[in-house]
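Notes to accompany the following structure.
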Amino acid sequence: MGALCSSETYMLDKETYKKQVEHNKMIEQDLDKDRKLKILKLLILGPGESGKSTTIKQIKIIHDEGYSVEEKLIRRHGIFMNILEGIEEIHLAVGRENKSYKNPLSFDHIHEVRMFTENFKKADEADKILGAEVINAIQKYVKDETVAMMLRDKTVYNIDDSTIYFLDNFSRIIQKDYLPTEEDILKSRVPTSGVIQYKIMLKNFNFKIFDVGGQRAQRRKWLHVFDDVHAVLFITSLSEYDQVLREDATVNRMKESLNLFEKICNGRYFINTAMILFLNKIDLFEIKIKHTNITVALTSYKGPQERDSALDYIRKRFVSLNKNKKRSIYEHVTCATDTEQIQVVIDSVIDVVIQHTMQKVGIQ
């Protein structure tokens with residue numbers, strides 16, 4: 001009886017063996033799909049100062065726990081540095097535009113700021129506060145009629161928006177108990193060096209988000225994060241069409257961005273990768289287009305000097321660079337510092353990444 005039972009069991013296994021192997025293979029395939037979906041990699045690329053790091057900050061504020069008190073205290077030092085660098089930026093713009101100070105003491109104020117900045121860079125973190133003398137120098141400097149005029153017409157003279165913001169909030173920032181707000185952090189600038197990785201749970205999926213330095217010298221560091229990327233978010237600044245690269249004053253920023261997008265979009269690493277395009281800084285673009293035509297960068301543009309027409313032309317220029325006609329470019333016009341607007345856009349981006357990845361591994 002026992003032998004019969006053994007024989008029947010053997011015969012049953014033999015008959016179903018092939019089906020069992022096929023079933024196990026299907027299970028392994030499903031597990032493999034789960035493994036592939038376990039971590040989704042989103043690579044954020046684009047030229048320097050386009051808004052990549054600001055977008056990362058928004059994701060942290062919207063979908064994570066925001067910034068702790070300790071993190072805000074660390075950011076405070078960076079904001080002080082942004083103000084000091086902003087004053088130097090204004091001074092350089094005065095010379096670049098062949099303007100003259102109305103107050104001859106403005107040169108003394110600049111000297112005070114420069115001396116303080118050098119010491120600030122060398123100081124220990126605990127000592128990085130704005131002293132009374134440099135505060136006084138900054139307050140007097142921005143009252144110079146030439147400086148005040150340039151700050152009012154910031155887009156004409158390409159004064160960074162964060163510089164304007166921090167100077168507008170200077171009286172609050174210099175208080176001894178100053179703790180940066182989330183808006184302060186969004187406006188702050190810390191150039192990304194190399195590749196910075198963030199891990200975050202978004203809509204029940206584990207994401208790895210890579211923020212990559214956009215300056216030319218940083219781009220060679222992109223290569224090792226290209227493997228198995230599920231989506232690329234390319235961010236470009238709409239408002240910098242009349243500006244040149246910091247690292248090369250002969251190269252227009254808009255042209256550089258178009259060239260970079262073309263290389264990334266059609267690169268061998270991203271043949272099957274979802275491609276998302278942020279046309280960022282629409283708020284500054286709307287101001288600048290009123291006095292500066294996009295023809296300074298895009299000479300083939302023949303349309304009117306107004307927002308919608310110029311924006312549509314820029315959008316089409318970017319999209320036309322995609323040589324893979326089977327792949328869509330998911331475009332969004334954004335203002336990365338506008339939390340309410342960017343929340344809707346980021347949610348859409350997350351959905352695109354998840355859906356594209358599921359389709360890629362065969363999960364519909």
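Every residue gets a Cβ built from N, Cα and C, even glycine.
Sequence-distant contacts of Asn280 (GTP binding site), defined by Cβ-Cβ distance under 8 angstroms and a gap of at least six in the same chain, are Ser50, Gly51, Thr55, Ile235, Thr236, Ser237, Leu238, Thr334, Cys335, Ala336. Under the heading GTP binding site, Swiss-Prot lists 46-53, 186-192, 211-215, 280-283, Ala336.
Summarising the annotation, Swiss-Prot assigns Mg(2+) binding site to Ser53, Thr192. Counting Cβ atoms from all protein chains shown, Thr192 (Mg(2+) binding site) has 17 others lying within 10 Å of its own Cβ.
What Swiss-Prot lists as domain 'G-alpha' is 38-364, and the listing cites sequence analysis.
Here Swiss-Prot flags Gly2 as N-myristoyl glycine, drawing on sequence analysis.
The annotation region 'G1 motif' is assigned in Swiss-Prot to 41-54. In terms of DSSP helix, strand and coil, the region 'G1 motif' (41-54) has 3 helix, 5 strand, 6 coil.
If you average pLDDT over the region 'G2 motif' (184-192) in this model, you get 89. Marked as region 'G2 motif' by Swiss-Prot on the basis of sequence analysis: 184-192.
The region 'G3 motif' annotation in Swiss-Prot covers 207-216.
For the region 'G4 motif' (276-283), the residues of the chain that approach it from at least six positions outside its boundaries are 46, 50-51, 55, 231-240, 261, 311, 314-315, 318-319, 329-338, 345, 349, 352, judged by C-beta separation under 8 angstroms. Residues or ranges marked as region 'G4 motif' in Swiss-Prot (evidence: sequence analysis): 276-283.
Per Swiss-Prot, the feature region 'G5 motif' maps to 334-339. Beyond the region 'G5 motif' (334-339), the same-chain residues lying 6 or more positions past its ends with a Cβ under 8 Å from any Cβ of the stretch are 51, 54-55, 58, 61-62, 182-183, 186-187, 235, 278-283, 345.
In this structure the C-alpha atoms belonging to Gly46 (GTP binding site) and Ser53 (Mg(2+) binding site) are separated by 11 Å. Tertiary proximity for the region 'G1 motif' (41-54) is limited to same-chain residues at least six positions away from its ends with a CB under 8 Å from its CB atoms, namely 186, 189-192, 207-215, 218, 222, 225-226, 228-237, 240, 245-247, 253, 256-257, 260, 264, 278, 280-281, 334, 336-337, 349, 353. Cα separation, Ser53 (Mg(2+) binding site) to Val212 (GTP binding site), rounded: 9 Å.
Neighbour counts were taken as the number of other C-beta atoms within 10 angstroms of each residue's C-beta; across the binding-site residues Leu186, Val190, Val212, Ala336, the minimum falls on Val190. Neighbour counts of Cβ atoms within 10 Å were taken for the binding-site residues Ser50, Ser53; the minimum is at Ser53.
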